[in-house]
Amino acid sequence: LPLLLKATLLCLASGSYHPFFNGFYYNHIMNDNSDEQDKVDYFSGSKLVVEASKDPVYSYSGANVTLPCRYRYEPDLGPKRKIRIKWSKLRDDYTKEQDVMVAIGKTYMAFGDFKGRAHIHKVSEDSWHEASLVISDVRLKDDGKYRCEVIDGLEDESDAVDLRLQGIVFPYQPPRGQYRLNFHEAERVCQDQGAILANFNQLFQAWSEGLDWCNAGWLADGTVQYPIRLPRKPCGGVHLAPGIRSYGPRHRHLHRFDAFCFSSALKGEVFYLDRLAGMTLEEAKQSCQDAGAEIARVGQLYSAWKFVGLDRCNAGWLADGSVRYPIVTPRANCGPAEPGVRSFGFPSKGRFGVFCYRER
């Protein structure tokens, strides 16, 4: 025998080789030592069926959510061996982005950011068996597609479910001005404002709800796009239909644009403080701390405007040094005739009120 083949046979004979994946040893799970009846069951004609939610599941940051998935056998031939349930998070093209968790019987392991936050909802009814994924303390980047995979010996069936966070997309420029951010800087500024870079689906949803913005910004997939409701010459031309204009993928280090950030509903509250003579930025930060809070971030102000209906015709400092105010009901002396979050930019001088954020 060739030397390499001999070495392989010796390794297998020594028992030092174990099937291994994601921290689980599957020498028994894959039924290598199963009895003859188990082997017959593989070819008995019983089909494994997996069914996940066809409708998107909606949630928000900080909540607990269940992604429905269940399985059964057709026909049901009685008790089965221990099956393996595997959940993965997917990219938009349905290729795997990351492992979420694997469960075998009562043993399970969650991975990465899902450690301590994910488990299987183990309830069975009728002929269906539950494989639903429970995610606690939902985070902004949990938004997306998930695959529920059930593995029983040689059978492997799966289905996908879409988790969508209720949120708001807002364009962001740093104090230095327009088109100053490469992709990685755009990621950081969104995180600094209590948000993440928006994905295309989130930007499209915002456009369908009325977002019209003529400055191009980064999205989470590294593309640069912008939403136009009212076609006009500086924004692609008057003859183009309304829609999402795209520059396609850009160089993540060299090219510079603005950012489209995504923030979800809040667990806490945003409130306004003021003094008769107004406050500097440092005084504003201290006032929030004195009230048992912190100065609000831009994403928190947008979320409070959208989900709580915060309406305040008084300008206030935010954590990034900008001065803004939210208007739900447009009125005289409160800016344009449309609802929105108004901005005074990043004043180097001036005294204003402050928007604070406090966890509930």
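All positions are counted from 1 along the displayed chain.
Using N, Cα and C of the backbone, Cβ positions are placed for all residues, glycine too.
Annotated signal peptide per TrEMBL: 1-15, in sequence order.
Marked as domain 'Ig-like' by TrEMBL: 46-164.
Residues annotated as domain 'Link' in TrEMBL: 168-263 (among others).
Here TrEMBL flags C214-C235 (among others) as disulfide bond. The local packing around C214 (disulfide bond), expressed as other Cβ atoms within 10 Å of its Cβ over all shown chains, amounts to 14.
Confidence over the domain 'Link' (269-358), given as mean pLDDT on the 0 to 100 scale, stands at 96. Per TrEMBL, domain 'Link' is recorded for 269-358 (among others).
Counting only same-chain residues six or more apart in sequence, the Cβ atoms lying under 8 angstroms from the Cβ of C334 (disulfide bond) belong to C313, Y325, I327, R342. Residues or ranges marked as disulfide bond in TrEMBL: C313-C334 (among others).
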Q.
Let's see if you can do this one: DSSP helix, strand and coil counts over the domain 'Ig-like' (46-164), in that order.
A. 6 helix, 70 strand, 43 coil
Q. Among the disulfide-bonded residues C235, C313, whose Cβ has the fewest other Cβ atoms within 10 Å?
A. C313
